[in-house]
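Novice: One structure follows; several queries about it will come next.
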Amino acid sequence: MKLSALAGALALGIAFAGSALAQDTKVIGVSIPAATHGWAGGMNFHAQQTIKALEERYENLDFVLSTASDPGQQVSDIEDMMATRNIDALVVLPFESEPLTGPVQRVKEAGKFVTVVDRGLSQENIEDLYVAGDNTAFGRVSGEFFKQQMPNGGKIVVLRGIPTTIDNERVEAFQQAIEGSGIEIIDMEHGNWNRDDAFEVMQDFLSKHAEINAVWASDDDMAVGVLEAINQANRQDQMWVLGGAGMKEMIKRVMDGDKIIPADVTYPPAMIGTAIELTALRFTSSMPMSGRFIISSELITKDNAEKFYYPDSPF
Amino acid sequence: MTVDSATSTAPRQGFRIDFHIWGPVVALLALIALGAFLNSNFLSYGNVTNVLARSAFIGIIAVGMTFVITSGGLDLSVGSMAAFIAGVMIMIMNGLVPSMGVGWGVILVGMLVAIVVGFAAGLVNGLLITQARIEAFIVTLGTMGIFRSLITWLANGGTLSLDYGVREVYRPVYYDGLLGVAWPIIVFAAVAILGEIIMRKTPFGRHCAAIGSNEQVALYSAVHVNRVRLMTYILLGILVGIATIMYVPRLGSASSSTGVLWELEAIAAVIIGGTVLKGGFGRVWGTVVGVLILSLIGNILNLANLVSPYLNGAIQGVIIILAVVLQRQKKMER
C-alpha cells in the first residue's frame, strides 16, 4: 500500500517533470544510416555539425541522433525515440523506402512533425517536409557537361553504382542528355560506388578498348579507382574523368586545374543539415515550413570550386 | 584421393579425367579458353597481370584459410581484419611522416605494423576458439563486426588516405615488379608454394588434416590439438597482414567498404579448390586454382558483354556450385 503510493507519487513527479520540460524544450529526433561509405560518412559529419551549431544557437531545442546500419535497426531507433525520448519532430533519412514507411507513418499519426530526407517513402503525403537531392538533375548536368566538352562526339565508358532506383534515374537522365550528340557509350558496368570495384572494372575497360575519350565515373569514390587504373595503363593523356557527389579531394583537384578531373557534379551530403535546420525553424519561428525542398545538382568547375570545398569533412 | 588413384582408374576407362582431382583445373582451363575466344586482349600481358595481381589479396588470405578449414575451423573475420589492418597501417605511417620523413623507413615500419596487428588479431581469434572453447563461427562472426566497426570509427565514417609523399614511394610495391612480374604476383606465388610444402611435407600440415578429420583420434595420437589450431589462426592473421601490405599501395586508402566479403570469396576459393569444408583434407594448389577461377569470372564478364551485369553474381554462383558438384560426384561413386 505504502509502496504503491510512493510509486504513484514518483510517477506523477516524473510526469510533471516531463511535461514541464516539454513545454520549454522541443526534442528533434534525427535518424540516419550509419557511415558505411564515403557519402554516408559525409552525411553523418554534417548531421553532427548542424546539431552542434543548433544546440548552441537555440536553448530550447534538444536533439537525439541515432545511426543505423540496417533498416530493421532504424525502425527500432525510431520506436525508441517515440517511447523514451518523447520527440516532437523526426528527421529521417530512410535506409530503404518500403520498410520505413509504416514506422514513420505511425510517428506522423502520433502528431509529430516529420521530415523525410533524400529517399522518399513508398506512400505519399506522410511527411510534412521533404528535402532531397535531384538524381535526374545529377545525370542531366553530367550529360550536358560531356556534350559541352565533346562537341564532335566521342567514345566514353560509364561506371554505374549499386543497382538501385537512384542509379537508374541518374543513368537514364545522363543518356537522355547526351542523345544525338555523337557521344557513344561503348561500355557500362557496375562499380558499386566502391573504389576497389571501380579500379578493377576500369582495368578491364582499358584492356578491352583501345580508344576511350572520357569516363563518366558518376561518383568520386569510383573516380579514385578509375584514375589509378588509368595511371597504371599510362593513358592519362588520352581521356578525362567526371566523378560526382563532391568529395573534398576531387574538388581540390578541380580547384587546382587538374586536366584529368575538369569538373565535378554535386550531390551534397550536407542536405541532411538543410533538413535539420528547416525542421528547427519550424519550432523557433512562425514561418511555414512544410512542402518539398529539392536541392539541385550543380556543376563544379575551376571557377566555383572554392565554394564547395570543406577541408574538415571526412568526405 | 591422391594422384595414384587417378592413374589406377585411368587405364581401364581409356582417357578419363578424375574430376575429384582435376575438376578445378579443367574449369580453370575452360574459363581461359572461353576468355581467349571472346576477347583477343584476354591473354595480353596487361590483362594477365591485372587478373593475377588483383587475385593476390584474396589468394594470400585463402592460402591461410586452407589451413584453418583443413583443421576443421573457419574464419569469417578476415575481410574486416584486412580493412582494420590497412587503417591502422595508414594512420601509423601518416603519424610517422613528421618525425621520420618520407621514405622507405616509414613504409617498413608500416609493413611491420601490418604483420604484428595481423598476428595479434589471429592470436585473439585463436585463443577465444581454443581456450575459451567458443565455436569458430561465433568468435569470428563477433570479431568480424568488431574490426569492421573499428575501421569505420578510425576513419570517422570516411576514408583514411595515405600521405601523398609516402604513397608515391610505396606505390611500386603494387604496380612494379621483378622481370615484368608484378610484386603481388610474386608474393602470392611464394606464399602458395610455401603453403603447399607446409601442408604436404611438414608435421604441422599433417596435424591440421588429422584434427579436421577426427579431433579425438588426433588427441590420442599425441597431437597438440589446441596448439595446432591456434597456430592456424595466427598463420592466417599474419597472411592477412601480408595481403594488406600488398593492398595499401594500390589505392592508398582504407574505409569501411574495404575488404567487404573477402572472407566469403576466400572460403569459396578454398572449397572450389577441393578442400573439404568440414575439415580433414586440404589442398593449397587447389585453393590457388579456386582463387584464379573466381577472379577470371569477373574479368571475363567485364571483357565480354555476355549477360546483363545484374546477373554477374548469379554466374559466379553457378560456377562455384558446378565446380564443387564435379568433385563431389566422383566421391559419391566410391
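Including glycine, each Cβ sits where the backbone N, Cα and C put it.
Unlike curated entries, TrEMBL annotations are predicted automatically.
The transmembrane segment annotation in TrEMBL covers B:21-39, B:51-69, B:76-96, B:102-124, B:136-155, B:175-198, B:230-248, B:260-277, B:284-304, B:310-326.
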Novice: Mind checking which residues reach the transmembrane segment (B:284-304)? Cβ under 8 Å, same chain, six or more beyond either end.
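Specialist: Beyond its ends, the transmembrane segment (B:284-304) has Cβ neighbours at 24-25, 27-28, 31-32, 34-35, 38-39, 41-42, 47, 50-52, 54-55, 58-59, 62-63, 65-66, 192, 195-196, 199, 265, 268-275, 312, 315-316, 319-320, 323.
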Novice: Can you work out whether the transmembrane segment (B:51-69) touches the transmembrane segment (B:21-39), with the criterion being 3+ CB pairs under 8 Å where the paired residues are 6 or more apart along the chain?
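Specialist: When sequence-distant Cβ pairs are counted, the transmembrane segment (B:21-39) does not touch the transmembrane segment (B:51-69), since fewer than 3 lie under 8 Å.
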Novice: Hey, which of B:76-96, B:175-198, B:310-326 has the most Cβ-Cβ pairs under 8 Å against the transmembrane segment (B:21-39)?
Specialist: B:310-326
Novice: Is it true that the transmembrane segment (B:230-248) and the transmembrane segment (B:175-198) have 3 or more CB pairs under 8 Å, sequence gap of 6 or more?
Specialist: yes
Novice: Test of understanding: applying the rule of at least three C-beta pairs under 8 Å (pairs 6 or more apart in sequence), is the transmembrane segment (B:102-124) touching the transmembrane segment (B:260-277)?
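Specialist: Contact criterion not met.
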Novice: Any residues 6+ beyond the ends of the transmembrane segment (B:175-198) with a Cβ under 8 Å from its own?
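Specialist: Tertiary neighbours of the transmembrane segment (B:175-198) are 45, 49, 52-53, 55-57, 59-60, 63-64, 66-67, 204-205, 239, 242, 246, 249-250, 284-285, 287-288.
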